[in-house]
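Below: the structure, in structure tokens.
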Amino acid sequence: MTGQERSEEKSECVSLSPMMEAVPAPPESERVCVFGTGDLGRSLGLRLLQAGYGVVFGSRRPHSRSSLLPHGAQVLGHAAAAQSAHLIFIAVQREHYDFLVPLANQLKGKVLVDLSNNLRKNQYPEANAEYLQSLVPGAEVVKGFNTLSAWSLQNGPSDANRQVYICGESVEAKQAVIAVAIKLGFSALDRGFLSVARELEDFPLQLFPQWRLPLRIAIGLSAAFFFYLLIRDIIYAYVTQSKDISFRIMVSLANKVCPIVSLIMLSLCYLPGVLASFLQLYRGTKYRRFPDWLDRWMLCRKQLGLLALGFAFLHVLYTLIIPIRYYVRFKATERTVSVIRENRTTEFDTTTAWRGDSYLSLGILGFGLYVLLGITSLPSVSNALSWREFSFIQSKLGHLTLLFCTAHTYLYGWNRFLSSSTYKWYTPPGYMLCLVLPSVVLLLKLLLITPCVDRTITRIRQGWERGADQRNPKDSQPLIP
């Protein structure tokens, strides 16, 4: 190397602090390199520094980037930075990979971690990591850390984004990346060879993948009951009585749709578990897969429950504004004036008082348990609970919530089902329709908790199979000491 080359290499090295020259450089095994000084690269560098790694940034213009990078890191030109560490994070977009081609010799034998993502699916014929491997065939390319944002890297791993997916051809290279991920506080999962990179790159492009089915159900139920109640309440009054009560669409109609959808979706959270139990009873074993539709249904129960809680919140808010509505205040004033003019008195009805207080009390208790279920479904809370505690809240208290909300709706209807005026155009009211599914779920659950059925299900879930004793008679014989 000539003196001029040495001076150029020295000029590429820029310390972020005047004291950096006095700090001994960490060994190469504990030193990592980051190509890219954008938000993601800077956040990753900061996180690596906090974990005890020596960080060297590679940049096209090292002098102009020094003030933007974390304190304690070094900034070098790409060639010098590539030679300083064995593990290199590529935090640049695919369009800028060309600068790596002249560095092929320096990157030979190095581990390159590709963090890039695309703007849309199938944007390129091959995955970014595969393209990177073709540019630098002598390096070991690993896809990873691409599902993390700069914000999550700066603030540390939380329960919602703790998972890091890794894939690559070299086992040793992947182990090196996994070791770094674990030291940073993440949980790494090896997804296999580099051919899986396209799948990993598609992960950040997915928009609420687990919420699609629950959202479709919620929108479908809301639209169906909205138009059903619109016909029964608004259009019926206009056709038969020539009364325009269309103003009730905004609050009254919405306050009927929300609890109906909430109760049905809460029932849909617990119906698949009941069906799975009966399926295991029918099969007599737990060692057979559930149908795909039941698997999908069970996987989206959390989302169904959270949407149900959202509709319950809307129902509570709509109910709280009832006293301040103009229509309600007008009716109350009109009724009071009418009673005074006619000098009428009304006797206190104890039955109505009991019904009203019970209806409100069960609604409050049901909503309180609803909120508890929603809170414990958060990862930060559920991770602090044991499996028995989580199961008790989500299963036992969940069915109790369904019971309270169903009883709340029954008390709302009371004896109205006996009146013919309830069935406008011979159609049942919405609350009657929404009671069908929760009633079925509660009845099926009642059958499952009976001692004889519960005992059989417990044995099946502990590994017992119906007919296993007849197939293996020797296994059923007691051992004689």
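Note that the numbers count up from 1, one per residue, in the order the chain is shown.
Cβ coordinates come from backbone N, Cα and C, glycine included.
Applying DSSP to the domain 'Pyrroline-5-carboxylate reductase catalytic N-terminal' (31-117) sorts its residues as follows: 40 helix, 21 strand, 26 coil. Annotated domain 'Pyrroline-5-carboxylate reductase catalytic N-terminal' per TrEMBL: 31-117, in sequence order.
According to TrEMBL, the feature transmembrane segment maps to 217-239 (among others). For the transmembrane segment (217-239), same-chain residues at least 6 beyond its ends with a Cβ under 8 Å from one of its own Cβ atoms are 245-246, 248-249, 252-253, 256-257, 260-261, 264-265, 268, 304, 307, 311, 424-425, 427, 429-430, 433-434.
Sequence annotations record features per position, and here TrEMBL assigns transmembrane segment to 259-282 (among others). Beyond the ends of the transmembrane segment (259-282), by six or more residues, the same chain brings 214, 217-218, 221-222, 225, 290, 294, 297-298, 301, 304-305, 307-309, 311-312, 315, 370, 395, 398-399, 401-402, 405-406, 409, 430-431, 433-435, 437-438, 440-441, 444-445, 448, 453, 456-457, 460-461 to within a C-beta distance below 8 angstroms of the stretch.
Feature annotation from TrEMBL assigns domain 'Ferric oxidoreductase' to 260-393.
Per TrEMBL, the feature transmembrane segment maps to 303-328 (among others).
What TrEMBL lists as transmembrane segment is 359-385 (among others). Tertiary neighbourhood of the transmembrane segment (359-385): same-chain residues 158-160, 266, 302, 305-306, 308-309, 312, 316, 393-394, 397-398, 400-401, 404-405, 407-408, 411-412, selected by CB-CB distance under 8 Å and a gap of 6+ residues from either end.
Residues 225, 228-229, 232, 256-257, 259-260, 263-264, 266-268, 270-271, 274, 277-278, 281, 399, 402-403, 405-406, 409-410, 412-413, 417 of the same chain, all 6+ positions outside the transmembrane segment (430-453), place their C-beta atoms under 8 angstroms from a C-beta of that stretch. Positions annotated as transmembrane segment by TrEMBL: 430-453 (among others).
The average pLDDT computed over the domain 'Ferric oxidoreductase' (260-393) stands at 93. Beyond the ends of the transmembrane segment (303-328), by six or more residues, the same chain brings 210-211, 213-215, 217-218, 247-248, 251, 254-255, 258-259, 261-263, 265-266, 268-269, 367, 370-371, 373-374, 377, 398 to within a C-beta distance below 8 angstroms of the stretch.
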